[in-house]
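Among the features that TrEMBL reports, transmembrane segment is placed at 12-33, 45-67, 73-95, 286-308, 314-335, 347-365. TrEMBL lists 137-147, 189-207 with the feature compositional bias 'Polar residues'. Summarising the annotation, TrEMBL assigns region 'Disordered' to 137-158, 170-207.
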Amino acid sequence: MIQSYDPIIQSLFASLFTWGVTALGAALVFVLPSDRRRGTTILDVSLGFAGGVMTAASFWSLLAPAIEISEAQLGALAFIPVSVGFAFGAIFVFFSDKMIPSCVGAELSIIEVLSSNKEVIPTGANSNNQTEVLLNSGQGITSNEGGESSFDPRKRGMDEGLRERTTLAITSRKALRDDNNPNEDNNNKITVNETTNDRPSTQQSSNNSDLLISWRRILMLIMAVTVHNFPEGLAVGIGFGSIGKTPAATFEKAFNLALGIGLQNFPEGLAVSLPLASFGYSPFRAFLYGQLSGMVEPLAALLGSSAVLLMEAILPYALSFAAGAMIYVVFDSIIPEACSHGNGKMASASAIIGFLVMMCLDVGLS
C-alpha cells in the first residue's frame, strides 16, 4: 500500500520507522539488568550486529545502485562519481565529529557563566592584582593549556569516587609588608589552600561542577549519536527518492535499506540509554535521551528524497555519499566501541551474522 504514495511520503514513513526502532532499543533500559557487566556484553553484541547490517546495506542498497547509474551515464569512468561521493560522505562525518567538542564548549561556557559560584579565598587585606584559578578534577573534565575545559567521553565513569576540590590562589603584591614581620619580602608570594568535599564552604561549588559535568556528558553523547544518525536518515530518503531512476533502484531495495537501518538503530538507542542508566539516571530519563538521538532521521530523510527528486544528476553522488558516511561510522565508532570491553570475539561473530542477514534480505527480496 505504501508503494502508491509519493517518494517523499514514503521516505517520511520509513524514517519514522527507524526513529521508532531507536526508541525501542532505548526502551530496553526498563528491562535489562542493572549489572553493568552484563549490560555491556549485550550492548557490544548488538553493536557488532549493527556494524554487519550497515556494511551490507551500504553496498547492496546504496553503492550498487550508484555504480549502475554511473555506468549508464559515464561508462568506464563510472568509478569517479561513486568514489567522490563515498569520500565526501566519510569526510562529512569526520569533520562533524571534530566540530562536536567546539559546539559543546561554546554551550558549556554559557552554563558556566550562569551557574558559576567560585569562592574567593582572602590572602591579605592589602592584596593587589589578585588572581584566582579554580581547578575541578571530576568525571572526565580536564583543562588544556589555554585554560579551557574539555570533556573526554572515554573517561566518563573513571572518576565516580570522591573528587577533590583544589583552589589555587595566586597573589602578586608590590611593596607589601607583613604586619608581624615588616622586614620580610612578600613579593610574588603564592598561597595554596586545599579544601575537600566535606567542608561546607565548597558544597555549592561541588554541586555546580556536578551539574556542568552531567550536562556536558549528556550533550556530548546525544550530539555524537545524532551526527551519526543524520547520514542514515539521508540514506533512507535518497533510497526512496531514487526509486525508478534505474533498474537497481527499486522499492524493495529502499525498503530493505530502511529495514536494515532500523535494525542497526536498535542497539544505537540502547548505546545511549544503557550507559546513562548505569551512571545513575532514572530509566525513564535514560530512555528519553536515548530516543532523542533518532529524531534527526525524519528531517534528513525528507532532505535526501527532496534533493534527489529535484536534482536527478546528483543521484550517484548522493547514494555513494550516504554509503561513505555509514561505512565511516561503522569503522570509526561502532567496531571500536564493540571491541573496547573485552567482548571483541562475540562482537565479530555478531557482525558476521548481521552482514549475512542483511545480504539475504537484499538479494532474496530484490
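Glycine is treated like the rest: Cβ placed from N, Cα and C.
Under the criterion of 3 or more C-beta pairs below 8 Å, with sequence separation of 6 or more, the transmembrane segment (73-95) and the transmembrane segment (314-335) qualify as touching. Of the Cβ pairs linking the transmembrane segment (314-335) with the transmembrane segment (12-33) and spaced 6 or more residues apart, fewer than 3 are under 8 Å, so the two regions do not touch. Put simply, of 12-33, 45-67, 347-365, the stretch with the most CB pairs closer than 8 A to the transmembrane segment (286-308) is 12-33.
Sequence-distant neighbours of the transmembrane segment (12-33) (same chain, 6+ residues past either end, Cβ-Cβ under 8 Å): 2, 5, 39, 42, 46, 229, 232-233, 236-237, 240, 254-255, 258, 261-263, 265-270, 272-274, 276-277, 283, 286-287, 289-291, 293-295, 297-298, 300-302.
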